[in-house]
Amino acid sequence: MNESDYNQHLYCSTKFYTMNILAVIIALIGMAGNVIVLWLLGFHMKRNAFSVYIFNLAGADFLFLFFQTLYCLKEILHYVHTLLSYLSTYLVLVLNFAYFASLSMLSAISTERCLSALWPIWYRCQRPRHTSAVMCALLWALSLILSFMEGSACGSFFNGFMAGWCKRLGFITLAWLIVLFVVLSGSSLALILRVFCGSQRIPVTRLYVTIAFTMLVFLLFGLPYGINWFFLFWFGGDYPSFLCYVYQMSILLSCVNSCANPIIYFFVGSIRHHQFQRQTLKILLQSAMQDTPEDEGGEGKSTRQETVYCYS
């Protein structure tokens, strides 16, 4: 190994360990935030259509951060404990499962919000009552099935490797990720156009702001993990030497994404009339999911809210 190769190896090793340590710290903070959201939504707040999705999204984010912490610790202690190295493949599969579930919940949230904005009468009068719970159960099950089948075909389970099925199931999983991303992007764009353009604009509520921030954070920090998964699947992750830390960077960004969601909820809930207000976490979370426009108290004006009556 010449001096140039040694310097490159040292640079990559430093980046590698630094990013893993940062990812563990961020993941621990994110797990605490998501546990608070799960506790409040699960035991202290009445659920509605969107809080069910938020609850499941927090569960997927917690699962992702928990196993991401184990994976990063495995990378840091690679030469210390062989058991962690043995579990590497299984950790990646669980991470993929949690990532698929998180992206699925985000797509469902954006789609449902889009439907409620475009067809409010149908949404409030004709939408089945337990749609959110059923959709979440189906999305969890589909994410689990895809991850398990891919792991079985690609040798992660049962010590079997079926190259043909591995490639097919990998293609199906990739296609599902693309569908979720297209649905997420399309419904978000339609929602933005409905809010800010057209003759019949709808008032902006805290729930819209919460969803908008959540989608933006995912596109900036969560999407690189999926893009990296695409390159790992099709090209085997053969990056140039100067991009040796790309995978660790995608892991770090994905941890930021899952950690940011609880912060978004409490941040949006704490702002009232462009000022921060100190409230309990329960009130902040309730405010972040508020779907009614607020009165502009200082100007003596109120935002008109449309009332929809349903007749059976």
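Including glycine, each Cβ sits where the backbone N, Cα and C put it.
Values in this document were obtained by computation on a predicted structure and should not be read as measured data.
Taken straight from TrEMBL:
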- 33-265: domain 'G-protein coupled receptors family 1 profile' (DOMAIN)
- 291-312: region 'Disordered' (REGION)
- 20-41: transmembrane segment (TRANSMEM)
- 53-71: transmembrane segment (TRANSMEM)
- 83-109: transmembrane segment (TRANSMEM)
- 130-149: transmembrane segment (TRANSMEM)
- 169-195: transmembrane segment (TRANSMEM)
- 207-227: transmembrane segment (TRANSMEM)
- 247-268: transmembrane segment (TRANSMEM)
The transmembrane segment (20-41) and the transmembrane segment (247-268) contact flag, 3+ Cβ pairs under 8 angstroms: yes
Per-region confidence, the domain 'G-protein coupled receptors family 1 profile' (33-265) (mean pLDDT, whole number): 83
The transmembrane segment (53-71) vs the transmembrane segment (207-227): 3 or more CB pairs under 8 Å: no
